[in-house]
Amino acid sequence: MAGGNERSMKALKEVWRRAENSFCADCGRPDPDWASSTLGVFICLSCSGIHRNIPSISKVKSLKMDHWDDAQVQFLAKHGNAVTKATYEAHIPIYYYQPTYNDCQVLREQWIRAKYERKEFTEPGKHLPYSDGVKEGILWKRGRDNGQFLPRKFLLSEREGCLKYFTKQDAKEPKISVKIDVINATFQPVKIGNPNGLQITCLKDNKTRNIFVYHESGKEVVDWFNAIRSVQFHYLKVAFPIASDNEIKNRLTRNFLKEGYMEKTGPKQREAFKKRWFTLDHRRLMYFKDPLDAFAKGEVFVGSRENGYSVEKGLPSGTQGNFSWHYGLTIVTPDREYLFTCETETDQMDWIAAFTSIINQAMTPQEYASKCLDAISFLS
């Protein structure tokens, strides 16, 4: 730590060591080594870069490399993460998604700006742009067939319990109308190729449909994301009146457990292995020819161990299909075995860990019902 007298450095270290300051105030990353001298919070390097973009609100300094004078250290000591959070996070709606260090840049940036710049959570009952139960606007949507992003009107309605989109702004009938309880939304900036890319997944005629959208404004796309969560929350409160708020919160939008390329063979296990993009969305394993396909080419339900599901490292001896990747894994179900190969051992172990985490969880009554309704297919 450069500069500063011994007393200031000792006092700074004492504040820094407090349990409340051992995690980034904004994303929860352990061992933050930056702080805001104007807000009094301890933050990680990544979040400090976002703070640096709002200099009228936050002045950031390194705890290791920068000089902290007595007044600044006293300010940190008086505030710290707990006191500051009590002010800026006092009234966060239960449905609002609070990102972690594993989340993408746009989610973390808008979370930080919502707290400190817009002060969205400092007062009870404050009007929020994603809390009205209705949201209408333009999102750039990827065409299902041509792959072009074009502006489309979207309408989210809590009263109707659905999300609609229209091909023309003055269209009377929507192109698609989807019930809110079968919708998921997750940010996919890398896959979509836009920092504000959002993937909306829904069940339509018992098939998974992917809708890829973005907005030029990071705030607007995150508002859409939280508006979906808000409408879902209020819908589920009515549908499950005895469930606690936290139980309902855990049923809102979710990130995929794992995505990536694997090779697969067909049901006879003698066909050539083909490279496909796989998505594990809780108990639903889907595969696509291209990561941005609108519909999955096949899906399989992944149940629990007590119901006869397991994952095994490697392929069964005597597997005849030709494959170019040599790190195999086998999903065992009551009906058949599904064979996959991965490009690297790391990929193999990551997929096995993801499947194991699901298989080790007991199935809920809703998941039993979902399994019965699914027309499970896994086409080659």
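Using the three backbone atoms N, Cα and C, a Cβ is placed for every residue, glycine included.
Annotation source TrEMBL lists domain 'Arf-GAP' at 6-129.
The domain 'PH' feature in TrEMBL is assigned to 132-233 (among others).
According to TrEMBL, the domain 'PH' annotation covers 255-360 (among others).
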The domain 'PH' (255-360): DSSP-derived helix, strand, coil residue counts: 18 helix, 41 strand, 47 coil
Per-state residue totals over the domain 'PH' (132-233) - DSSP helix, strand, coil: 23 helix, 47 strand, 32 coil
